[in-house]
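**Student:** Mind looking over this structure? Questions follow.
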Amino acid sequence: MADAGKITALLLKKYPEPKLALHYRNPLELLIAVILSAQCTDARVNEVTATLFKKYRKAQDYAAADPAVLEEEIRSTGFYKNKTRSVIACCQKLVADFHGEVSQTLEALTTLPGAGRKTANMVLGNAFGVPAIAVDTHVLRVSNRLGLAHSDDPQAVEEVLMRQVAKDKWTAFGNAMILHGRETCIARKPRCPECMLRAVCEWPDKY
C-alpha cells in the first residue's frame with residue numbers, strides 16, 4: 001500500500017493552500033456551481049455563475065425560477081435541461097425541508113436532487129470547514145495510480161482515503177489531488193517525469 005502520509009505531505013508542499021477553482025461566496029453558490037460543473041470545465045461554470053449569482057441570491061430564487069429562462073442562462077455548461085431540473089428541485093427541497101439553508105451534514109446534503117456524495121463533500125469541506133474528501137474523476141484516477149486505492153467506486157475510494165489520510169488534512173488533500181490530477185497526473189498523457197510523487201507512485205505504467 002502506498003504511503004498516504006508521505007503523499008499528503010508532498011502534495012501539500014506543492015499546494016500549501018489548495019482551493020477549488022470554482023468561484024463562490026457562500027454554501028449555496030458552491031452547491032449550485034458544483035451541480036453545474038458536471039461534464040463542464042470550472043472556467044466555463046465561473047463565466048456562467050458570474051452573472052447567475054447576481055440574479056439568484058437565495059434558494060427561494062432558484063426554487064421559483066422559470067425553467068425555460070434558467071435553461072438559457074446555464075446552456076453553455078452543457079446538459080442544461082438536466083441541470084436546470086436538478087438546480088430547481090434541489091432548491092425547492094432546501095426551501096421545503098431546510099428553511100432555504102444549505103445543511104452542514106452529509107446525510108442531509110445527499111438527499112438533495114442533483115447532489116451526490118462528491119457534491120456534498122465539496123460543500124462540507126470548502127464552504128463549512130467540515131473535514132471531507134470529495135472523490136471526483138481526478139481523485140479517483142490519481143488515487144488508483146498512486147496505489148492509495150484499488151477501486152473504480154468513488155464511495156469505496158473515499159472510505160479508503162479517509163482511513164489513510166489524517167482527518168484534519170482531508171479537505172486539503174482532496175483539493176490538492178484534484179489540482180494534481182488536472183496539472184500533472186492527467187488522464188491520457190500524465191507528466192510522470194516532472195511529478196513530485198513519482199518516487200512514491202505505485203502505478204506500473206509510470207515512466
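Any Cβ shown, glycine's included, is placed from N, Cα and C.
The domain 'HhH-GPD' annotation in TrEMBL covers 36-183. What TrEMBL lists as [4Fe-4S] cluster binding site is CYS185, CYS192, CYS195, CYS201.
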**Student:** I need the neighbours of the [4Fe-4S] cluster site defined by CYS185, CYS192, CYS195, CYS201. Which other residues of that chain put their C-beta within 8 angstroms of the C-beta centroid, in sequence order?
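**Tutor:** Counting only non-site residues, the set is ARG145, LEU146, THR184, PRO190, ARG191, LEU197, ARG198, TRP203, LYS206.
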**Student:** Can you check which residue among the binding-site residues CYS192, CYS195 has the largest number of Cβ atoms within 10 Å of its own?
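**Tutor:** For the binding-site residues CYS192, CYS195, the Cβ with the most other Cβ atoms within 10 Å is CYS195.
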**Student:** Mean pLDDT, the domain 'HhH-GPD' (36-183)?
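**Tutor:** In the predicted model, the domain 'HhH-GPD' (36-183) has a mean pLDDT of 99.
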**Student:** Quick check on the domain 'HhH-GPD' (36-183): DSSP residue counts for helix, strand, coil, in that order please.
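**Tutor:** Secondary-structure breakdown of the domain 'HhH-GPD' (36-183): 103 helix, 0 strand, 45 coil.
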**Student:** Given the binding-site residues CYS185, CYS201, and counting only Cβ atoms in the protein chains shown, which has the most within 10 Å of its Cβ?
**Tutor:** CYS185
